Amino acid sequence: MASRLGVRVVPTPPRGTRRLVFIFSLSLSFTYLCYSLIFCGHSIMQKPLAFPEHRACYLLQRSQHCGHSAHPNSPGRGHAAPNRTLSGRSPERDRVSETSPRPGSKRLPLAIIVGVKKGGTRAVLEFIRVHPEVRALGTEPHFFDRHYEKGLEWYRSLMPKTLDGQITMEKTPSYFVTREAPKRIFSMAKGTKLIVVVRNPVTRAISDYTQTLSKKPEIPTFEVLAFKNRTLGLIDASWSAIRIGIYALHLENWLQFFPLSQIHFVSGERLIIDPAGEMGKVQDFLGLKRIVTDKHFYFNKTKGFPCLKKPESSSTPRCLGKSKGRTHVQIDQDVIEQLKEFYRSYNIKFYQMVGHDFRWD
Ligand SMILES: Nc1ncnc2c1ncn2[C@@H]1O[C@H](COP(=O)(O)OS(=O)(=O)O)[C@@H](OP(=O)(O)O)[C@H]1O
């Protein structure tokens with residue numbers, strides 16, 4: 001009858017077959033679930049789902065992903081190496097940070113490494129940012145010398161986000177020799193703490209020249225640039241490589257606005273021999289617990305410098321980049337002696353001003 005009406009009656013499968021179908025679908029769903037977890041796990045890890053962002057970042061506080069942002073137009077960004085270095089970020093991190101809102105707020109720096117060029121400023125910044133209470137801008141913003149007209153809000157927008165109690169920092173070594181910088185920093189916040197990494201001015205000048213030569217191989221020799229008249233032994237103090245090293249002169253400018261107690265001097269030489277000791281003093285100056293200690297450093301024989309066991313951005317050991325710790329250009333010994341002589345009185349004046357003998361003579 002049913003077949004005559006055109007209706008096909010499907011016979012109910014036996015109980016055993018139904019159970020088989022059920023078990024088959026269950027195992028299919030289970031296989032699919034495992035597949036999703038294995039192959040999509042990576043993206044799940046990148047952005048914790050149903051996990052408050054601030055909590056995730058609190059747990060990952062050492063990660064730049066949570067605390068660091070560089071303005072897209074910030075100077076120096078274009079110079080970052082494609083793969084991570086101590087001061088750089090991986091492209092992967094950048095991708096993640098573009099999609100994740102970060103906790104905290106961008107604040108003006110409470111402490112600035114203002115100098116000196118080639119003193120060891122990058123090392124101090126990278127070492128101090130290991131501290132959980134410090135967040136630092138990786139690039140040099142050059143706000144108080146080159147970009148002042150852009151205003152404080154522009155400057156603030158470059159800063160990494162900080163949580164309450166964390167210290168925002170930046171470093172721009174050219175501030176130390178910029179006439180307007182002390183007044184400008186003072187007008188931003190008179191309580192700003194200043195760090196100056198100083199180094200023997202003769203070695204500093206040679207380091208500075210070595211860097212310029214690496215970028216412009218056609219420049220005259222060091223000896224030609226260093227003298228107004230070599231026969232008379234007249235040093236050209238207007239050449240920036242020489243002028244930057246007259247620390248007493250520049251410091252006078254800063255002391256018009258800041259008391260000495262607000263300026264901390266790091267010895268560039270001791271920073272290489274005893275990084276933990278110098279960083280201990282930096283932490284004291286910033287009012288921080290001494291968390292960055294000798295446990296954080298190891299001496300890399302190939303590099304010839306101390307390196308971090310665990311940099312702020314990674315858990316693997318890392319040294320500073322190739323531009324830090326270059327082999328210096330060979331300079332005639334008599335030229336070095338003349339430079340030492342030139343700097344002697346300025347160095348003594350500087351030691352008196354800061355109350356510390358850096359033993360450069
Ligand atoms: N740990 C570690 N690793 C590598 N380099 C170190 C380190 N500590 C201090 N230094 C010295 O830092 C010098 C570069 O100084 P700056 O970072 O201030 O240079 S810059 O002004 O930012 O270009 C650099 O100068 P040169 O040796 O002349 O290249 C180093 O001597």
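Cβ atoms here come from the backbone N, Cα and C positions, even for glycine.
As written in TrEMBL, here are the features:
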- Lys118: active site, for sulfotransferase activity (ACT_SITE)
- Lys118, Gly119, Gly120, Thr121, Arg122, Arg199, Ser207, Lys324, Gly325, Arg326, Thr327, His328: 3'-phosphoadenylyl sulfate binding site (BINDING)
- Cys307-Cys319: disulfide bond (DISULFID)
- 111-344: domain 'Sulfotransferase' (DOMAIN)
- 68-104: region 'Disordered' (REGION)
- 20-39: transmembrane segment (TRANSMEM)
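Ligand 1 lies under 6 Å from the Cβ of the following binding-site residues, listed in sequence order from Gly120, Arg122, Gly325, Thr327: Gly120, Arg122, Gly325. With the fewest other Cβ atoms inside 10 Å of its Cβ, the least crowded of the recorded positions Lys118, Arg122 in this structure is Arg122. Ranking the binding-site residues Gly120, Gly325 by how many other Cβ atoms lie within 10 angstroms of each Cβ puts Gly325 at the bottom. Highest local Cβ density among the binding-site residues Ser207, Thr327 belongs to Ser207, counted as other Cβ atoms within 10 Å over all protein chains shown.
In this model, the domain 'Sulfotransferase' (111-344) carries an average pLDDT of 97.
In the three-state DSSP scheme, Ser207 (3'-phosphoadenylyl sulfate binding site) falls into the helix class.
For Thr327 (3'-phosphoadenylyl sulfate binding site), the nearest of the recorded positions Lys118, Cys307, Cys319 in terms of C-alpha separation is Lys118. Note: the Cα of Cys319 (disulfide bond) and the Cα of Gly325 (3'-phosphoadenylyl sulfate binding site) are spaced 10 Å from each other. The full span of the recorded 3'-phosphoadenylyl sulfate binding residues, Lys118, Gly119, Gly120, Thr121, Arg122, Arg199, Ser207, Lys324, Gly325, Arg326, Thr327, His328, taken as their largest Cα to Cα distance, is 18 Å. With respect to their backbone Cα atoms, Gly120 (3'-phosphoadenylyl sulfate binding site) and Cys307 (disulfide bond) stand 13 Å from each other.
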